[in-house]
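To keep things clear, I will list the structure first and then write my remarks on it.
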Amino acid sequence: MEWTLALNSTVSFLTSTNLQHYSGETGASYLAQVGVFMLLQFLSAATSLCAGVAIVRGLAAQSIQGLGNFYSDFVKSSTRILLPLSIITATFFLFNGVPMTFEEPERITSVEGREIVVSTGPVAAFLPIKELGSNGGGFFGTNCAHPFENPNFFTYIIHTIIVWLLPMSFIIFVGRYLNNKKFSRMLLGVMLMGFFVTCIPLVCGEISGNPKLSALGIDSSLANMEGKEVRFGTYYSSFYSAVNMIIPAGTITGMHDSYMPLSSIGMFIGMQVDAFFGGLGTGWINMFIYLIIATFIGSLMVGRTPELFGRKISTKEVQVAVLVNLSALAIPLLFSAIAVHVYLYVPEVVEWLSNTGPHGFTTIVYKYVSSMAGNGSGFEGLADNTPFWNLTTSVTMLAGRFIPIIGAFLIIGYLSAKKAVASSLGTLRVDSGIFGTLLFMVIMILTVMSMFIVFALGPVQEHLLMV
């Protein structure tokens, strides 16, 4: 690998983003896939899980007791959760046709009489942690659309279940650890509402088909099948896409570049929020940031002192939370502006985009939003294996990974230094349905309003040009 590509790939797997500017079956050896990339997937997943647990532990503590032992949490996360589940899942994959071999790629003769090379490898071992750890990097370039990663509908179901499993379980753990199951039910309700907001427009946009094809009299009864894996069709491909937008694994069974313009709005919302379940550990951390903001706003609206689990929220905590939230928008837009400027005024890079106009703009912004959110998916209409894209997305991925974690630790440090007080009638209950509605509205307003210009210049404009 060229050094900027090697740097980008390392940062990508280290941050659980798994943004791949190479095709796995040709761009990396078996040793690199298993000994480097798969190892980093375990390390990054265990690290983010430890970070999430530390935040929960800080909320539950009644006094300054520290946030636990990272080494102990890391070993337990790896050996008691990630590794056992990966072994069980790999066995399911293995018995359903997913290859597990270190043999060289096979050369076979096709039906047309041509000799073709069929890549295999230790795929069954690679896939479980890809989903369980919210990683998403594919062993093959086409990810879960490849028949060796996703041979049949049963493996499709396994992929879908295990990518949900740990992020959803973590929210249940939060309620149990804080001894407030009602709080975890409230969070699950908010996250499920967020999933529906992301999923419904995405699926409906694909089922409605392409108006350009319908205008030509072409049968669109199968909806928008362009870029979809025919084994799963439009509905299941778009549903799988929605799942992997709210959970930043970013795995795909269809090419996002071929999705309808308005479908990408659901993708943007899922990635930008990154708290509707979100990644393993990091989804809770992002939701914690939104909790601070929503609690502060809600308490001031009803004239009560902002408190979260007995600790008063001051301006310091809110300032950190707002800065973290702003960085999630400002950094992708800053790099997008630089990329657009370079594309327009540097003639040598005109071959970056296979699509121009609003779709090209959406492609560029999507790249950086995906990198910042740790999602790693892309529109793929972009020639991104260049020093510019390798370096700028590396910076974006590092920022997206560590800014929320550092911000959350700062906030929990401030809160832990304060003495916990008992709840009173003047305390805003953060486990109620009313607060859940407020939290959901705060998340959507902060996300949709901040991304409104992007939606208007990209997906909405492209949609209006099509109808």
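Every residue, even glycine, has its Cβ placed from backbone N, Cα and C.
According to TrEMBL, the transmembrane segment annotation covers 36-60 (among others).
If you look up TrEMBL, you'll see 81-102 (among others) marked as transmembrane segment.
Residues or ranges marked as transmembrane segment by TrEMBL: 153-174 (among others).
According to TrEMBL, the feature transmembrane segment maps to 186-203 (among others).
Annotation source TrEMBL lists transmembrane segment at 283-302 (among others).
Residues or ranges marked as transmembrane segment by TrEMBL: 322-346 (among others).
Look at TrEMBL and you will find 398-417 (among others) tagged as transmembrane segment.
Per TrEMBL, the feature transmembrane segment maps to 438-458 (among others). Same-chain neighbours of the transmembrane segment (438-458): 186, 190, 193-194, 197, 261, 264-265, 268-269, 272-273, 275, 290-291, 293-294, 297-298, 325, 329, 333, 358-359, 361-362, 365, counting only residues six or more beyond its ends whose CB sits under 8 Å from a CB of the stretch.
Residues 272, 274, 289-290, 293, 352-353, 361, 364-365, 367-369, 371-373, 388, 392, 395-396, 399-400, 403-404, 407-408, 446, 450-451, 454 of the same chain lie 6 or more positions beyond the ends of the transmembrane segment (322-346) yet place their CB under 8 Å from a CB of it.
Scored on C-beta pairs under 8 angstroms, the neighbour of the transmembrane segment (186-203) with the top count among 36-60, 153-174, 283-302, 398-417 is 153-174. Stretch with the largest number of CB pairs closer than 8 A to the transmembrane segment (36-60), among 81-102, 153-174, 398-417: 398-417. A Cβ distance under 8 Å defines the sequence-distant neighbours of the transmembrane segment (81-102), meaning residues of its chain 6+ beyond its ends; these are 30, 42, 45-46, 49, 120-125, 127-129, 131-133, 148-149, 151-152, 154-155, 158, 162, 165-166. Residues 49, 52, 56, 81, 85, 89, 92-93, 96-98, 127-128, 131-134, 144, 183-184, 187-188, 191, 231-232, 236, 240, 243-244, 247, 249, 251, 253, 277-281, 283-284 of the same chain, all 6+ positions outside the transmembrane segment (153-174), place their C-beta atoms under 8 angstroms from a C-beta of that stretch.
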